[in-house]
Amino acid sequence: MIKAEDLLRNGSRALSPLTQQILRFCQILDDAGAWTWKYRDIAITTVGALFVVRSICHKKGGIDWYALLHALVSGLGSLACIYLDWESASLTGTAEPLRSMQCQGPMTSLHRILPAVTLGYSLFDLADGFNLSFDFVLHGGATGLVMLYFCYYDSPHLLGATLTVEVSTIFLTMVRAEIFPDAISIANMGMFVITFFLFRILLFPCLWFLLVSSMWAERNNETYSNCFPPSMIWFSFTIGLVFHVLNFYWFYKILKKVERKMSGKEGTRAGNDLKEEEHLSNGEHDKKRA
């Protein structure tokens with residue numbers, strides 16, 4: 001266990017202002033006891049908090065408030081994690097993910113709690129999927145499964161950086177917002193497409209490949225073998241493929257929707273739900289599938 005206070009004290013002169021601010025936030029978590037929080041308790045607390053937000057706000061103003069709250073916490077938190085991972089060599093002396101493969105544990109308490117938060121959210125993701133389509137059910141189930149697996153083996157920090165995929169969800173939760181004027185609504189849709197491409201199509205496969213290849217390279221080392229189960233590398237490889245298929249399938253659907261909107265077949269605010277009905281420029285929909 002490395003406390004953020006120690007990282008700040010040992011490298012304060014060499015650390016950038018952003019690194020120092022992130023570590024100070026992690027220090028607040030440390031002082032609150034985040035290193036000792038059980039994953040189960042974090043997930044249950046998340047379920048309770050999101051249930052309250054969902055019950056009170058639901059989709060007021062066309063925004064999925066509970067999903068937005070989770071996306072902000074996990075998406076922005078994972079950006080902090082991936083930034084610290086980038087700085088890990090100067091912070092700890094060993095670069096990530098090699099440091100984790102050597103069983104040195106989470107770099108910060110933020111790394112260990114974020115996947116447990118997403119584990120709690122995955123119950124809502126799965127439940128919502130049954131009202132949408134099979135691919136959303138698959139995504140919710142796979143998300144819950146991967147978070148549960150890594151939490152069970154006390155290795156959720158390996159997933160901290162991969163939760164950057166939730167950055168695109170921030171904008172997705174607001175694509176049906178009724179409080180935005182058309183210009184902001186269009187800008188939000190554009191940000192969703194851009195962040196989906198950057199984080200889910202480009203970055204996530206790179207992070208997945210780096211994680212799996214690091215596991216493969218270290219699989220015969222005694223330190224790695226004593227820390228992680230043999231199944232982890234194959235589980236990570238397989239579940240990663242599932243998410244890649246979903247992400248590329250969804251990106252194809254997104255591009256088709258962008259094409260319809262740019263051609264005038266679909267209005268700015270029409271067809272912004274997650275179901276696959278094709279909407280007309282006046283906001284009505286026909287029975288043709290997208």
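Cβ coordinates are placed from backbone N, Cα and C, and glycine is handled just like the others.
TrEMBL: automatically predicted annotations, no manual curation.
What TrEMBL lists as domain 'TLC' is 56-263.
According to TrEMBL, the feature region 'Disordered' maps to 266-290.
Summarising the annotation, TrEMBL assigns transmembrane segment to 65-86 (among others).
The annotation transmembrane segment is assigned in TrEMBL to 136-152 (among others). Proximity of distant same-chain residues to the transmembrane segment (136-152), defined by a Cβ-Cβ separation under 8 Å and at least 6 residues beyond the stretch ends, is recorded for 39, 43, 115-116, 118-119, 122-123, 125-130, 158-159, 235, 239, 242-243, 246, 274.
Annotation comment: TrEMBL describes 158-177 (among others) as transmembrane segment. Only residues 6 or more beyond the boundaries of the transmembrane segment (158-177), in the same chain, are considered here, and those with a CB under 8 A from a CB of the stretch are 59, 61-65, 67-68, 70-72, 74-79, 81-82, 85, 97, 100, 106, 110-112, 114-115, 118, 146-147, 150, 185, 188-189, 191-192, 195-196, 199-200, 203-204, 207-208, 211, 247, 269, 272-273.
Taken from TrEMBL, the feature transmembrane segment applies to 189-211 (among others).
If you look up TrEMBL, you'll see 231-252 (among others) marked as transmembrane segment. Remote same-chain partners of the transmembrane segment (231-252), defined as residues 6 or more beyond its termini with a Cβ less than 8 Å from a stretch Cβ, comprise 135, 138-139, 142, 145-146, 149, 153, 155, 165, 196-197, 200-201, 204-205, 208, 211-212, 215-216, 219.
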